[in-house]
Structure formats: C-alpha cells, structure tokens
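A.B. asks: Here it is, the structure in full.
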C-alpha cells in the first residue's frame with residue numbers, strides 16, 4: 001500500500017508544472033487563428049503575384065526598348081556604310097550593309113521605323129510626311145531614347161539617294177512582314193519612281209534589292225502580270241548601264257513571273273535572248289539555274305535540266321535556304337526518274353529533306369519496281385501536293401517509264417512470256433496494248449527481245465556483256481565531266497587581290513587597317529549571303 005501511495009505521489013508530481021517558471025512548451029494556437037493566418041498568407045501571395053507580373057512586364061518592356069535601341073544603332077551604322085561607299089566609291093560597303101538586311105528586317109517595328117524616319121529625314125520633309133502616316137506614332141516616355149543621328153550642319157543637308165532608298169526599303173519590308181500589302185505597294189511604287197530617275201552606280205546594289213521586294217509585293221497581291229512591263233524596262237536600262245546585280249535580279253524576277261503563269265515559251269525566249277552576268281552572286285546564280293532547269297524539263301531536255309539543277313544545288317547556301325533546296329530536290333528527283341535513273345537513297349534520308357520528299361520517295365519506289373498500281377495509288381494520294389510543287393505535269397509523263405521498267409523486269413525474269421500475261425502483269429486493257437508497248441520498248445533499246453505475232457508471245461534474247469558496249473565509257477565520261485565542271489566553277493569563284501596591293505606605297509598603320517578590313521570582308525563573304533533567301 002505504501003508503494004502504491006508513493007507511486008501516485010510521484011505521478012502527481014510529474015503532472016504538476018515545474019516550480020520557478022522552468023522551460024515549458026507553449027500550448028498550440030487555436031484553430032481560428034490558423035485559418036486567419038492562411039487567409040492572410042493567401043492574400044499576401046495574390047498581391048505578390050500581381051507585383052511579380054508587373055515586374056515581369058516592366059522587364060520585358062525594358063528588354064524590348066534595349067533591342068529597339070540596338071536596332072536603331074545598327075541602322076545608323078548601315079547608313080554610315082552607305083555614305084562611306086558613296087564617298088569612297090567602294091561598292092563592298094554597300095554589300096556589307098545589305099548583307100545585314102534580313103537580320104535587321106526581323107527586328108523592325110513601328111517604334112524603330114518611326115524614330116528612324118524622324119531622325120534621318122530632317123531636311124526632306126516630303127518623304128518624311130509621306131512615310132509617317134503609314135507608321136503608328138509611339139508614346140514617348142522619359143525612358144525613351146532621343147534618336148538624333150543627324151545634328152548640326154548634317155541635319156540641313158539632303159540625304160543621299162542611296163540612304164533614302166535604303167530607309168524607304170525598310171518600311172516596305174516591314175509592311176510586307178506585317179501583311180499590309182496594299183500599303184507596301186504604295187510605298188514601293190513611290191520608291192520605284194525615285195530610283196528610276198537616278199543614274200548613280202552606287203545606287204545599283206540598293207536598287208536591285210528594291211526590285212526584288214517590289215516584285216514580291218505584287219506577287220503577294222497576285223498582280224505579277226501588272227509589274228512585268230516595268231521589270232522589262234528596268235532590265236533594258238540595267239543592261240545598258242552594265243549593272244550586273246540589277247541584270248541578274250531582274251532576269252530572275254522575269255523568269256519567276258513567266259513560270260508563275262506557266263508561260264514556258266516566253267521564258268525560254270528570254271533565256272535565249274539574254275546573257276546572265278558572270279559577276280552575279282551565288283544566290284542569284286542558284287535561282288537562275290533552277291528556273292532554267294524547270295524550263296528545260298518541260299521542253300523534254302532532261303539531261304540539261306539535271307545538269308542545271310545540280311549546279312543550282314551546288315551554288316545554294318550550305319546550311320540555310322532549306323526551302324529552296326527542297327524545291328530543287330523535288331524537281332531533280334522527277335527529272336532523274338524521267339531519264340530512267342533511280343535517285344540515291346541517301347538524299348531521302350537527310351533530316352531537312354526527309355519529310356518533304358516522302359511522296360517522292362514512294363513515287364521512286366513505284367517507278368523502280370515498275371508497279372503501275374502503286375504508281376496510280378501514289379498519284380491519287382499526293383496529286384494535290386504534286387500540283388502545288390509544280391511537278392504534276394512531269395510526273396504524268398512517268399507512267400510510260402513505269403511501264404518500261406515493268407517490261408524490262410518481265411524480260412529479265414522470263415525468257416518467254418505471252419502478251420496476255422504481260423497485259424495482266426502491267427494492268428493493261430488488252431494484249432494488243434501490251435504488244436504495242438513491248439514493240440516500242442524493243443525499238444528504244446529498253447529490252448533485247450523479239451515478238452512472235454502469230455503465237456502471241458515475247459522471246460527474250462541472251463544478255464549481252466555490258467562491258468563490251470559503250471556504257472562504261474559513257475559512265476566514266478559523265479563522272480569526269482562532273483569533276484571538271486566543279487574544278488572550273490571553283491576557279492571562277494576564287495577571289496584574287498588586285499595588283500595594286502603589290503605596291504609598297506602605304507605606311508605600316510595603313511597596311512594594318514587595310515588587312516583588318518580585308519579580314520572582316522573575307523569573314524562576311526565566307527557566309528555567302530546565307531540569309532538572302534526568303
């Protein structure tokens with residue numbers, strides 16, 4: 001009993017709080033206080049989220065303003081390059097400014113163009129008043145940059161025609177990118193009137209770009225036939241002035257114009273009556289070779305068409321212009337099939353071409369196996385795509401090639417086969433059709449066989465050793481010609497320093513400056529104008 005009493009007292013002592021205010025855990029807060037704290041936290045989180053959103057918007061706006069400032073400075077630098085080209089009569093500085101045009105055009109907006117037009121057109125109020133209504137006036141704030149590229153005496157001097165054309169071209173490109181084609185047409189028409197009255201060699205390169213975008217505007221408006229006479233007039237002027245860049249651009253625009261309306265005869269006459277300038281850049285050469293390849297393919301000159309399109313791929317930029325290379329490959333595959341050759345499987349596996357060339361891969365399989373049913377199936381499935389690519393007319397011609405391939409496969413498989421079985425395998429209407437097709441294949445040299453008209457069968461002849469014919473010689477000749485063409489084109493594309501560089505008439509400082517400029521120019525030319533393809 002004593003032990004039980006002492007145990008109860010010890011338990012009671014443990015339950016009592018320690019005397020003297022010792023450490024003790026505080027009781028948990030009541031539930032309503034917890035709920036109120038959560039609501040306060042939620043309210044505070046909402047206000048924090050709004051503040052974060054405002055901060056992010058302000059940061060994005062600040063970043064955009066910085067990008068606009070950089071774009072304005074780039075435009076200012078390009079204008080300096082144009083002025084330097086005019087004063088020093090060096091067209092390479094114009095090329096340097098135009099080479100950055102695709103990069104600059106992607107960063108254009110109303111704020112940049114409004115500031116540029118107001119900043120540069122200080123003396124020419126007529127052009128400024130004409131361009132500003134097409135642009136939205138930005139809301140000026142304290143953070144906005146005061147863009148004043150022309151101050152003092154320069155503000156009162158008129159702009160150079162090259163600079164004025166370049167700035168107006170930027171507005172045209174922005175309107176095009178914004179899909180405001182009607183407004184772009186008005187600005188471009190005004191720009192063409194100004195360029196047509198000028199006769200300055202430094203303006204030729206800028207004018208060539210203006211011609212290109214002028215035709216693009218009319219193409220988007222589906223009015224290419226309206227601009228054709230203007231392009232012809234400018235081509236005559238460019239030819240008389242020996243403007244190589246203008247000639248190349250205008251010739252390509254006219255060929256594109258004719259091919260858009262399927263005027264192949266007029267396009268062929270233009271090619272035969274004109275000479276494409278050798279000094280044109282690689283991109284214009286690539287376009288010209290592609291257009292001539294299309295003309296040759298329609299006119300049944302398949303060997304010449306394959307040669308020109310192969311050269312077009314060689315002239316095209318290596319890492320960009322994917323759309324252009326896809327278009328050329330589509331036409332080249334069809335032309336090779338029409339020549340009786342099977343394209344290399346490797347080109348169908350390239351990542352940039354694999355998806356777009358899938359219908360042509362199925363078409364190639366049908367032609368290779370001589371399967372007429374599969375050929376008709378591919379034609380029904382992808383007919384609209386072939387029409388959009390402009391290859392449908394040529395693909396229709398492939399039906400005879402499919403039949404020829406089927407006849408050749410049958411001839412290799414059977415030493416003797418009836419005409420009725422051939423008609424059944426090729427899905428022809430009657431044995432008479434099979435007889436006609438086999439006779440034509442024998443005449444064209446597709447197969448070595450004879451037809452027994454009385455008994456209605458085809459007797460294949462023994463295979464001739466191909467090495468006893470001229471086939472190997474022709475194949476080697478084709479390969480050697482290809483290598484020689486590459487060598488000749490590489491030599492023509494090389495750039496040699498002028499003889500004046502051999503004269504030791506410059507100081508060491510001038511030599512260093514010149515070498516630095518040459519190094520920069522070489523780096524820019526190495527890019528080969530990759531961004532010029534739209």
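All positions are counted from 1 along the displayed chain.
Cβ coordinates are placed from backbone N, Cα and C, and glycine is handled just like the others.
Note that the structure is a prediction, hence the values are computed from the model and not measured.
Heads up, here are the entries from Swiss-Prot:
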- 1-16: compositional bias 'Basic and acidic residues' (COMPBIAS)
- 1-69: region 'Disordered' (REGION)
- 17-32: compositional bias 'Pro residues' (COMPBIAS)
- 38: SUMO1 cross-link (CROSSLNK)
- 38: SUMO2 cross-link (CROSSLNK)
- 286-465: domain 'PCI' (DOMAIN)
- 418: phosphoserine (MOD_RES)
- 430: phosphoserine (MOD_RES)
- 500-534: region 'Disordered' (REGION)
- 501-525: compositional bias 'Basic and acidic residues' (COMPBIAS)
A.B. asks: Roughly where does the domain 'PCI' (286-465) sit in mean pLDDT, to the nearest integer?
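C.D. replies: Averaging the confidence scores along the domain 'PCI' (286-465) gives 84.
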A.B. asks: Among the modified residues 418, 430, whose Cβ has the fewest other Cβ atoms within 10 Å?
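C.D. replies: Among the modified residues 418, 430, the lowest count of other Cβ atoms within 10 Å belongs to 430.
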A.B. asks: C-alpha of residue 418 (phosphoserine) to C-alpha of residue 430 (phosphoserine): distance in Å?
C.D. replies: 12
A.B. asks: Name the secondary structure element type, per DSSP in three states, that contains residue 430 (phosphoserine).
C.D. replies: coil
